[in-house]
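Heads up: the structure comes next, in structure tokens.
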Amino acid sequence: MLLHIPGLFDADELARICEALERADWADGKVTAGYQSAKAKHNLQLPEGHALAKEIGSALIDRLWKTPRFMSAALPHKVFPPLINCYREGGNFGFHIDNALRQPKGSPERVRTDLSSTLFLSDPESYDGGELVIQDTYGVQQVKLAAGDMVLYPGTSLHKVNPVTRGQRYAAFFWTQSLVRDDSQRTLLFEMDNAIQQLTADVPDHPSLLQLTGTYHNLLRRWAEV
């Protein structure tokens with residue numbers, strides 16, 4: 001399942017974020033890549049634990065926890081603290097699959113990367129290239145969203161970032177360990193939850209709503225890992 005979550009940051013917030021990122025001290029993005037991925041990764045990244053990355057990441061996670069669409073689709077259990085990257089001057093990241101497990105710096109906790117997320121921070125008109133290209137069961141998807149919008153997709157997906165040939169592309173990215181590790185099961189629960197919400201709005205007193213809601217929770221109880 002590939003999901004677009006719009007409007008997590010407004011224009012004024014994004015302007016302040018990008019202004020701060022322009023003044024930031026960047027490191028080589030290969031630092032957080034696995035052995036195979038490092039060969040394909042050509043970008044810049046704020047170091048893990050960088051104050052600006054923590055500030056942006058904290059604001060992002062706080063908003064996602066209040067976004068029903070994300071909560072329903074991801075069913076989050078653990079979240080790897082968001083990282084911030086920059087692509088410019090031909091920077092790109094060739095096709096790769098993210099490492100299955102991630103361990104935040106200084107933490108004993110490991111996060112299984114069931115879901116990957118990218119939050120676009122730069123106006124798409126301000127740079128050329130930089131599309132996030134995702135291969136899924138429906139073919140190849142090219143994603144280049146408005147600033148402040150986020151895409152959520154399975155961590156098992158082969159994906160890449162096309163070269164940025166003009167301007168610079170700032171983004172936040174992170175991984176989520178879901179309560180339900182299987183993507184097809186998560187998708188089924190997400191679709192069922194959407195149907196329940198729509199029926200609740202259309203026919204709030206229908207007796208089958210109670211049964212359908214019970215079925216949702218029984219499936220979640222069967223598949224969830226806590």
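Glycine is treated like the rest: Cβ placed from N, Cα and C.
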Exercise. Among His42, His50, His77, His159, which is the one Swiss-Prot gives for the Fe cation site where His96, Asp98 also bind?
Worked result: His159
Exercise. To which of the binding-site residues His96, His159, Arg169 does the lowest count of other Cβ atoms within 10 Å belong?
Worked result: His96
Exercise. Taking all residues of the domain 'Fe2OG dioxygenase' (78-178) together, what is their mean pLDDT?
Worked result: 97
Problem set entry | Counts of helix, strand and coil residues, the domain 'Fe2OG dioxygenase' (78-178), according to DSSP | 3 helix, 58 strand, 40 coil
